[in-house]
Amino acid sequence: MLIARSIADLRQALAPYRHPAFVPTMGNLHDGHIALMRLAKPLGDVTVASIFVNRLQFLPHEDFDSYPRTWEADCAQLQAVGCDLLFAPREADLYPQPQTFKLHPDPALADRLEGQFRPGFFVGVGTVVLKLFACVLGKTGGTAVFGKKDYQQLMVIRQMVQQLALPIEIVAGETCRAADGLALSSRNGFLSLAERQEAVALPLALQQLARRWREARNPGPALEQQALDALRARGWQPDYLTVCRRADLQPATAQDAPGTLVALGAARLATTRLIDNLEF
């Protein structure tokens, strides 16, 4: 596996190839990331991963410096899965000047759910992903693979690619889960043993919300409030548990048919904020 630190070295390494398959990450890799790498392998003539902890998507109260950096383990996992090229820029490489030019996604999509509770988050995500696309896929186009666990992020990136006419295919990987159903996440490492056992309550809450929504004659916000109250009673601090249309992430109504919906949730368990979703 070749490692490129600078944009110039990256572009030199990519010069022989016509269709890269790209998996951007912030490192601290787990089996979910590796599944995305496996999904990417047959989709291009070279498989590229990136590791970059993006300061722009951290809010002032979120500790950028405490995000886990596991460089040696990450490299070993990428090598084992057959990654051809790792782009691992230093901050000065990707942002040699203050990044004053930023991407502002459509507020109708980006300013609700995660965007409501983490204002400006998708500005940071959109800006770094667009810049990574320019570095890795800017010459030839190609394929980029993202996980469905970050559902709203996936939709923001898809909309960005569509509206900016980027020659990039976005492929979505299914959420990888532990045996008890908890979505794999870098944040799971912050959970204590007791918190890890309790954490499965979030996917269970989404399953119950989806089931009740399907069964109700007139589903709506009352069902979402019941789900919030039940999770809060277990000691969680939920931000949202809601049902949306998959097409645009706008609130679902009784007229929306099952098979077109997604239940999404975000909640804090002690000091760890977890997110998850369930299509139904």
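For all residues, glycine too, the Cβ spot is worked out from N, Cα and C.
According to Swiss-Prot, the protein has these features:
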type: BINDING; residues: 26-33, 147-150, 184-187; note: ATP binding site
type: ACT_SITE; residues: H33; note: active site, proton donor
type: BINDING; residues: Q57; note: beta-alanine binding site
type: BINDING; residues: Q57, Q153; note: (R)-pantoate binding site
Relative to the Cβ of S186 (ATP binding site), which residues of the same chain, six or more apart in sequence, are found under 8 Å away?
M26, N28, H30, P68
Just the number: how many Å between the Cα atoms of the residue listed as 'beta-alanine binding site' and K149 (ATP binding site)?
17
Should H33 (active site, proton donor) be counted as helix, strand, or coil on the basis of DSSP?
helix
I want to verify one value. Collapsing DSSP to three states, which class is M26 (ATP binding site)?
coil
In DSSP terms, helix, strand or coil for L184 (ATP binding site)?
coil
For the recorded positions H30, H33, work out the Cβ neighbour count at 10 Å and name the residue with the minimum.
H30
For the residue listed as 'active site, proton donor', which of these binding-site residues sit within 10 Å, Cα to Cα: G147, K149, Q153?
G147
Between the Cα atoms of G32 (ATP binding site) and Q153 ((R)-pantoate binding site), find the distance and write it as a whole number of Å.
16
Rounded to an integer, what is the Cα-Cα distance in Å between G147 (ATP binding site) and Q153 ((R)-pantoate binding site)?
9
Sorted by position, what residues of the same chain at least six away from Q153 ((R)-pantoate binding site) have a C-beta under 8 A from it?
E114, F122, V125, F146
